[in-house]
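According to TrEMBL, the features are:
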- HIS236: active site, proton acceptor (ACT_SITE)
- GLY55, VAL56, GLY57, GLU58, VAL59, GLY60, ASP80, ASN156, VAL179, ALA180, ASN181: NAD(+) binding site (BINDING)
- 50-203: domain 'Lactate/malate dehydrogenase N-terminal' (DOMAIN)
- 206-363: domain 'Lactate/malate dehydrogenase C-terminal' (DOMAIN)
Amino acid sequence: MSDMRTPQTLITPQVINSSLELYKTRHIFMHDGRSIPRIIQLHTMGSASRVAIIGVGEVGGAVAYSLALNSIASELLLVDLDLNLRNAQIEDLSDVIYSTNSSTRVRPATYREAAQSDLVVIAAASKHTLGKRILAFVTGLWFFQGQTTVDYTSRNTSMIREVMEAMKPFRPDTVLLVVANPVDLLTSIAKDMSGLPPSQVIGTGTTLDTYRLRGMVAFRALVSPSAVDAFVVGRHGEDQVVTWSSASIGAVPIADVQIFNALDRNRIELICKHRSQSIIRGKGSAPFGIASVAANLCCSVILDKHEVYPVSHFQEQYECCLSMPDVIGRKGILSSVPLSLDAGEEDAVKASGKLVKKSVESIQRDWW
C-alpha cells in the first residue's frame, strides 16, 4: 500500500514578537509526506486587550455576550450599580465562555478599574418607553405617542456626568464608546468631561440607522445590503439626514434607479427613524440591533480593523458631536471619510448641529 497522503491543512495558532501580533501557521501536507509551514498574519492586537462595559442591562449585556462569544477581548470588566444584575450577568457569561471555549475572561470591576481599559462602553441609561395612544397612520406605518428623547434627557445627562466623575482619570489611550441616548448629546458631554482627545470619544450615532437604510434599499432593489453605499448622518433621531444625493447601488447613483421615487425615499426615511419605536411597542425594548452595532465598533477598535462607520464624534465646525463617516481603529477615529452632501442635506446637518450645541450649552449652564 502506498503511503502517499492527500494534501491537507492543519491550522495552529502561533504568537510571534512578544504577543504583539497574532498569526496562524498553516501546515500543508504534500503527497510525498513533506509538511510545509506557512505563517499568515490574522490581525494585530495587544497581548491583553480589556473592554469595560458600564451598565449591563439588556444592551450592555448583549454587547458583553457578543464580545465573549467571539473572544474579541482578553478581559471583560462589568460595572453596574445593581450588583445582583452584574453578578448574574457574570455567571451567565461565564457559561458562554465555558461552552464555547472562549479565551475571554469576565469579572466585576470598579469605575476606576474600568477607566484603565483599552475601551469603555457606556451603556447605562434610563429605559425608553412608549405610550399606548395611536398618533397617526402615515404611508402604511403606525406611529405611537409616548416618551420622547427629551423626556429622559435629564436623567441620562446626569448619569453620564456621574459616570465620568466616578471613572476619572482615564488611561491616556482609552477609547470611549457611548451607546446610551440621546447619543450625540451624551457623547458631547463625555468628550468635555473625560479629558481624552476628541478622537478617542465616539458614540454609536447613526450607525444602526445606516444599516437599516442599506437593508431597506437592498430589499427594494433585490440586491445584497453590501452593494448599497449610503449613509445616515447628523443627529440620531428625528433630525437625522439620509444622504440620498451620494447614495448608490453598485456604481449606479440611486437617483438614476427608476424604482426609487420620492415616495419610496420618504417612506424609507420614516422607517429608519421609527423602527426602534415599532420594536419597543412589540417587545418592550430594542437591544439586539444597537448591541450588534456596539459590538462591531468594539471589534474595529480592539482589532484595529480600520473600518468605516458613521459614528457620533466631535465636529469642530458645529462645536458638538454629530455622526459622519470615519475610519475606526485602535486609537478611535483614525481619519474622516469625505462625504458629498447637497445643499439641502448640508442645511439639515447644520440645523441638527445647532440643536445639539444648544442642548450642551444649556446643560453646562445648569451644571456650572
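One is the number of the first residue shown, and numbering goes on along the chain from there.
Quick reminder: no glycine exception, Cβ is built from N, Cα and C everywhere.
All TrEMBL annotations are machine predictions without curation.
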*For GLY57 (NAD(+) binding site) and HIS236 (active site, proton acceptor), determine the Cα separation and express it in whole Å.*
22
_Counting only residues 6+ away in sequence within the same chain, which have a CB under 8 Å from the CB of GLY55 (NAD(+) binding site)?_
VAL79, ASP80, ILE122, ALA123, ALA124, ALA125, ALA180
_pLDDT averaged over the residues of the domain 'Lactate/malate dehydrogenase C-terminal' (206-363)_ = 93
*For the residue listed as 'active site, proton acceptor', which residues of its chain lie six or more apart in sequence with Cβ-Cβ distance below 8 Å?*
ASN181, PRO182, VAL183, ASP184, THR204, GLY205, THR206, ASP209, SER312, SER323
*For VAL59 (NAD(+) binding site), what is the secondary structure by DSSP, using just helix, strand and coil?*
helix
*Who sits close to VAL59 (NAD(+) binding site): which same-chain residues at least 6 apart have their Cβ under 8 Å from its Cβ?*
ALA123, ALA125, VAL179, PRO287, ILE290, ALA291, ALA294
